[in-house]
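Since the structure comes first, as structure tokens, the remarks are kept for the end.
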Amino acid sequence: MDRVGIKKVAEHLKQNSDAQVIFMVGAGISTPCGIPDFRSPKTGLYSNLSRLGLPFPEAVFDIDYFEENPKPFYTLARELYPGNFKPSRFHYLMKVFEEKGRLHRVYTQNIDTLEREATISEKYLVEAHGSFASNECISCSKSYSVDRFKEKLEPVKIQHKKGEKDQIEFEYALCDKCDSLVKPSIVFFGESLPARFFDTWEKDLEWLKDKKKKNLVIVVGTSLSVYPFASLPSEVPSEVPRVLWNYEVVGDFHLNPRSSDVIFKGSSDEAAEELAMEMGWNEELRKLVGEEEPRPMDAAEEVAAIASELEQLDITNDNKEE
Ligand code: OAD
Ligand code: ZN
């Protein structure tokens, strides 16, 4: 197994004791929690949404489509609603970074609120695509309580017909003031990202330019295909090493690779386990995860690990690092 991309990060952090990290993360860090990502070919949400009868998969998060037909979003939100899932090892690794004073920021595209669940403090957190933590009217922005919205996700009618898919009916949440539809504060396609995303990134870019600190940017579990988030890695100043931990090489790491890029092709949880070991943080991580012993790899992770190993062999046969 090629873990060079993890060992290098550990060495860097050990050699530069005041270096801190900005994490940029996506759905891949939550797949070990049982939440599907979006674009993985067989297991991703977008290839499994045919049952919702959408014109195109992303329509489930499209603001115009939602106004026309909120049912697919309600069906999905019911399944994905926070509270049903526990943070992954990787989420907790970010918390260990916070505890050790090595965390500068977490930019997340995820709406599952598992960073909060892992008790990462709000000041470090930028939920770039919003979250289920509040709701607003789509016309007048009046807020709507989380408890009331959650009640609306309970179907008012489910029709079971033999040989057919269940027909679910909802009573949609409507604004108390103007009667328009209400939705969670998740950024849909066609909506802008929260001001905190832009403001914080502007400050963090300045912070990254401080050459003395030897800070790092670590990108994990994202296909880097949704903008503007996807452009963050390309804006990282050239003197700051960029790290990618992902099943595949994506975005700017693929299109405009830099000689200083550090890449580990594998699972986010495996990277978390390995880095914690290299840093001597295993006990802290285990305590947060609430486990006595390290978790064995699950079958999907094992397959991915083997695949990535084989790929490494093909490409770097001549000067392979052992
Ligand atoms: P994607 O599904 O597009 O990408 C997930 C990436 O993580 C893929 O490259 C996978 O190969 C990889 N991956 C999956 N599980 C992994 C694991 N355990 N370890 C390492 N890598 C893993 O998800 P995002 O990039 O987050 O918008 O998608 C971006 C946005 O598109 C989402 O925020 C969402 C969607 O439309 C909203 O929810 C508003
Ligand atoms: Zn309203």
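Along the chain as shown, residues are numbered 1 onward.
For all residues, glycine too, the Cβ spot is worked out from N, Cα and C.
Automatic prediction, not curation, is the source of TrEMBL annotations.
According to TrEMBL, the protein has these features:
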type: DOMAIN; residues: 1-316; note: domain 'Deacetylase sirtuin-type'
type: BINDING; residues: 27-31, 37-39, 109-112, 222-223, 246-248; note: NAD(+) binding site
type: ACT_SITE; residues: His129; note: active site, proton acceptor
type: BINDING; residues: Cys137, Cys140, Cys175, Cys178; note: Zn(2+) binding site
Where Cys175 (Zn(2+) binding site) falls in three-state DSSP terms: coil
Of the recorded positions listed as His129, Cys175, Cys178, the one whose CA lies nearest the CA of Tyr247 (NAD(+) binding site): His129
Assigned conformation of Cys137 (Zn(2+) binding site) - DSSP reduced to three states: strand
Rounded distance in angstrom between the Cα atoms of Ser30 (NAD(+) binding site) and the residue listed as 'active site, proton acceptor': 15
From recorded positions Ala27, Asn110, His129, Thr222, the one whose Cα lies nearest Cys175 (Zn(2+) binding site): His129
Among Asn110, Thr222, which are binding-site residues, the residue with the most C-beta atoms within 10 angstroms of its C-beta: Thr222
Coarse DSSP state, helix versus strand versus coil, of Ala27 (NAD(+) binding site): helix
Among Ser30, His129, Cys137, Cys175, Tyr247, the recorded positions whose C-beta sits under 6 Å from ligand 2: Cys137, Cys175
